[in-house]
Amino acid sequence: MLSRGWFHRDLSGPDAETLLKGRGVPGSFLARPSRKNQGDFSLSVRVDDQVTHIRIQNSGDFYDLYGGEKFATSTELVEYYTQQQGILQDRDGTIIHLKYPLNCSDPTSERWYHGHMSGGQAESLLQAKGEPWTFLVRESLSQPGDFVLSVLNDQPKAAPGSPLRVTHIKVMCEGGRYTVGGSETFDSLTDLVEHFKKTGIEEASGAFVYLRQPYYATRVNAADIENRVLELNKKQESEDTAKAGFWEEFESLQKQEAKNLHQRLEGQRPENKSKNRYKNILPFDHSRVILQGRDSNIPGSDYINANYVKNQLLGPDENSKTYIASQGCLDATVNDFWQMAWQENTRVIVMTTREVEKGRNKCVPYWPEVGTQRVYGLYSVTNCKEHDTAEYKLRTLQISPLDNGDLVREIWHYQYLSWPDHGVPSEPGGVLSFLDQINQRQESLPHAGPIIVHCSAGIGRTGTIIVIDMLMESVSTKGLDCDIDIQKTIQMVRAQRSGMVQTEAQYKFIYVAIAQFIETTKKKLEIIQSQRGQESEYGNITYPPALRSAHAKASRTSSKHKEEVYENVHSKNKKEEKVKKQRSADKEKNKGSLKRNISLTPCRGLRWADRDL
């Protein structure tokens, strides 16, 4: 479900264009109040390098695009058109994609703010917590720009023994001030919550609702992550447990690890025990890499301690990158490692450990000395050259099967050497630059297979590197103002390989790395936007090739002066005469505005309504 962060309360048409061109990618969109028709809204969408504006009608009974399907809430309308790609299109057939919400900044950096959430979802979270007077704040689904304070009471919902009742209190934003009704208004959501934490809120019945224990969110608008890092660094109010928010989030993550009950039977086989560096760090069966071409009559012959890992939080059309998370090689597994690299067509290997650290063997060298060649099982590997940088060593290797020496593949081996023996790097710049080089290499090889990432156990540093790269890719794909959830991303990765991201320090390092990545990206954007005529494509943030080239022939002009800039939205069964009249009227009224006729492909819409209690 999309976050409602795409609704921008105080944004004009020209400002929306500037924002979408400067911070969005093709397919980015946002919604804003109509400055022309009170109660209506405007949907602004980036199409190629221009911006299209579509009016959303609020009839009082339903929302629609002046034609097409009708919906109970604006959220349902937007979700429908994001899920049903191809519904919105110009008369010339150009598709208008709603793909990536360009979210506004959260109204507060407080962690009790959860953004988009239905009443039912809030109830489930609070009732599962089970502590009376736990509260959270979320977006209003029925009234864009307003909010809801959801609080778990100390009385059951119905009969004794039933779940505790949840009270939902509407928080209205009027004239830039916040109120729950009555004469009291506040400058910010934070001020409102802090006030009622002290006084409680009196219901119409005379009973009081108290705000005692916040239910913290882990979701955050990517552009606001620096503020979230500051919040997580704060100590708890209780002096006897002076733990920062990072500790809280990581402990919560650890408690959820028990939910990953996937089997690991192959790694437990007696014949495979010698292939595991650590006897209890084993691959899940459902996602393990299976060595091909092995004798099925030999138990365990297809086993290697490695798992496929994919970013399942991105859609199939948004992400093509797959990783293999593997343990560091043992003497007994080097041949299997090269078998895996060959069968998966891997061209990039990422090693995040030294061979020996603090006198302990972390990974046996599975490559030959520079300028030499060596046979590993069924494959010959040559170390063609090595290049040293301040942070890492790059080896250029060649691999070929012994039975076909003419078939040669080049593999780039990146070994990160600046990770300390204990803890994490003191700053993330080196890791970000390292990943930038890796991604440039992988992207230059269009048919390359998964990137193999390993450390020693294949879960701590390996998980940290993979999660950072996934989050960078999410921001690169969806734009700087997308929602990210680091805890949820780690949960998703842990469901594919157990124990990924091992320590609180690694957890915090991910936050700090993504914060620096986003800050650097913002600065690059500012520089590029100041250079007239250049496309908004910067650093690691690149547009998906399919989106870059889509509808390249569409000719569009943008409004620079008009407050309201709209597409004319018509259903396909509308008469052309009406369209021509609208075109003529717009031509006189909004010179310089974007004037394209949008047709709605007839399709039945969703008819459910999300609760906003």
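Numbering starts at 1 and runs along the chain as it is shown here.
Keep in mind that glycine also has a Cβ here, set from the backbone N, Cα and C atoms.
Lifted from Swiss-Prot, the feature list:
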- 6-102: domain 'SH2 1' (DOMAIN)
- S12: phosphoserine (MOD_RES)
- S59: phosphoserine (MOD_RES)
- Y66: phosphotyrosine (MOD_RES)
- 246-517: domain 'Tyrosine-protein phosphatase' (DOMAIN)
- K310: ubiquitin cross-link (CROSSLNK)
- Y379: phosphotyrosine (MOD_RES)
- T396: phosphothreonine (MOD_RES)
- D421, C455, S456, A457, G458, I459, G460, R461, Q502: substrate binding site (BINDING)
- C455: active site, phosphocysteine intermediate (ACT_SITE)
- Y538: phosphotyrosine (MOD_RES)
- 549-598: region 'Disordered' (REGION)
- 560-591: compositional bias 'Basic and acidic residues' (COMPBIAS)
- Y566: phosphotyrosine (MOD_RES)
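Here the C-alpha separation of D421 (substrate binding site) and the residue listed as 'active site, phosphocysteine intermediate' works out to 12 Å. Comparing C-alpha positions, Q502 (substrate binding site) sits nearest to S12 among the modified residues S12, S59, Y66. Here G460 (substrate binding site) is compared against the recorded positions S12, Y66, K310, Y379, T396, and the shortest C-alpha distance is to K310. Averaged across the domain 'SH2 1' (6-102), pLDDT in this predicted model comes to 84.
For the pair the residue listed as 'active site, phosphocysteine intermediate' and S12 (phosphoserine), the Cα-Cα distance reads 50 Å. Take the Cα of Y379 (phosphotyrosine) and measure to each of the recorded positions S12, Y66, K310, T396, S456: the nearest one is T396. For the recorded site, G460 (substrate binding site), the DSSP three-state label reads helix.
Put simply, of the recorded positions S12, S59, K310, T396, the one whose Cα is nearest the Cα of G458 (substrate binding site) is K310. Broken down with DSSP, the domain 'SH2 1' (6-102) shows 22 helix, 32 strand, 43 coil. The number of other Cβ atoms within 10 Å of the Cβ belonging to Y66 (phosphotyrosine), over all protein chains shown, comes to 19. When Cβ atoms from all protein chains are considered, those within 10 Å of G458 (substrate binding site) total 28, not counting its own. According to its DSSP assignment, the residue listed as 'ubiquitin cross-link' is in a strand. The Cβ of Y379 (phosphotyrosine) has 19 neighbouring Cβ atoms from other residues within 10 Å, across all protein chains displayed. A Cα-Cα distance of 39 Å separates S12 (phosphoserine) from K310 (ubiquitin cross-link).
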